[in-house]
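Below is one structure, written out as C-alpha cells, with a few remarks after it.
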Amino acid sequence: MIANCGSQARGTLCASGLCCSKFGWCGNTNDHCGSGNCQSQCPGGGPGPGPVTGGDLGSVISNSMFDEMLKLRNENSCQGKNNVYSYNAFITAARSFPGFGTTGDSNTRKREIAAFFAQTSQNTTGGSDGPFAWGYCFLRKQGNPGDYYSASGQWPSCPPGRKYSGRGQFPITHYGPCARAIGADLLNNPDLVATDPVISFKTSLLFWMTTQSPKPSCHDVIIGRWNPSAGDRAANRLPGFGVIANIINGGLECGRGNDNRVKDRIGFYRRYCEILGVRGVSRILR
C-alpha cells in the first residue's frame, strides 16, 4: 500500500481535518494524531471553516500585530499593495497546517510566528529597511528569474504560455508537488501564487512545515523538535533561528562570512519578536 500524506507522499495534506501519521497515513486515531505519532496537521490548530477570527493562532498574532509587522506592504511602490497579503488570508491558510504557531507554550508559538515572518519578509522585502518594515512588498522573485520547468514522468509537458519562475513568500520553483499538496491547479495557473492570497500563504506554510530530507522542517527546528546529528554539530548547525536560514538559502548565504541578507533576516526577527513579546531572543539567535 502507498502512503497518502506527509513527507512520504510529497507533502500531500489530509482532507477533512484528519491528521497525517509519522508513517504517512491520514486518520483521526491516537496512532495518527497522538504525540510522537503525528507528522503534520496535528491537533492544536484553530477552528474549522467559518468567519476568520484566528482561533488559537489569533491569540498569538492579532490583526493589529500583523499590520504593525508588515506596515509598509501596501505602499504604492509594492506589488503587494491592495492587501494581497492580508491577515484573513494568513489565518485561513494556516488552518490547513494546524501545528503552525499552535505547538508548545506561548513563547514557542510566538517565536515560530516571528521566525516565519522574518524569513519570508527578507525574501519579499522592497525597501532599504531601516526599521525592517518593508517585508511582504514583492509577490514575485525580482531581477531576471529562471523558468524552472523540467519535464518528468509525472509532469511530461508544460501548458503553453506558462512561466514557472519564483512566486510567493518562499519563491517556489516546485509547482507540481506544491500544487498536489495544497490542491490548487498551479501548473495551469502558476500566477495564483502571486494573485490568490490564501494560496500564496499556503505555499509558504507548506515549505515551512515540510521536512526536506536530509534537512529538517523549519517548523521542527523552531519548536525544538529537531535534534542535530554529530555531523550537524560539527558544522555548527545547531537548533535556533540561524539554521533555518541555512535550510532556506544556505547555499547562497551561509559559510561566506558576513552576509547582509543574513543580518537582515536577524533584523526582521528581532523586530517581530519585540512586537509579539518573545522572551529569550538572544539565546536562540545562533
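Cβ coordinates come from backbone N, Cα and C, glycine included.
Unlike curated records, TrEMBL annotations are generated automatically.
The disulfide partner of Cys33, as annotated in TrEMBL and taken from the candidates Cys19, Cys20, Cys26, is Cys19. Among Cys26, Cys38, the cysteine that TrEMBL records as disulfide-bonded to Cys42 is Cys38. For Cys20, the disulfide partner named by TrEMBL from the candidate list Cys5, Cys78 is Cys5. Put simply, of the disulfide-bonded residues Cys19, Cys33, Cys42, the one whose Cα is nearest the Cα of Cys78 (disulfide bond) is Cys42. Between the disulfide-bonded residues Cys5, Cys26, Cys38, Cys5 has the most other Cβ atoms inside 10 Å of its own Cβ, all protein chains included. Restricting the average to the domain 'Chitin-binding type-1' (2-44) gives a pLDDT of 73. In this structure, Cys33 is the one among the disulfide-bonded residues Cys33, Cys137 with the smallest number of other Cβ atoms inside 10 Å of its Cβ.
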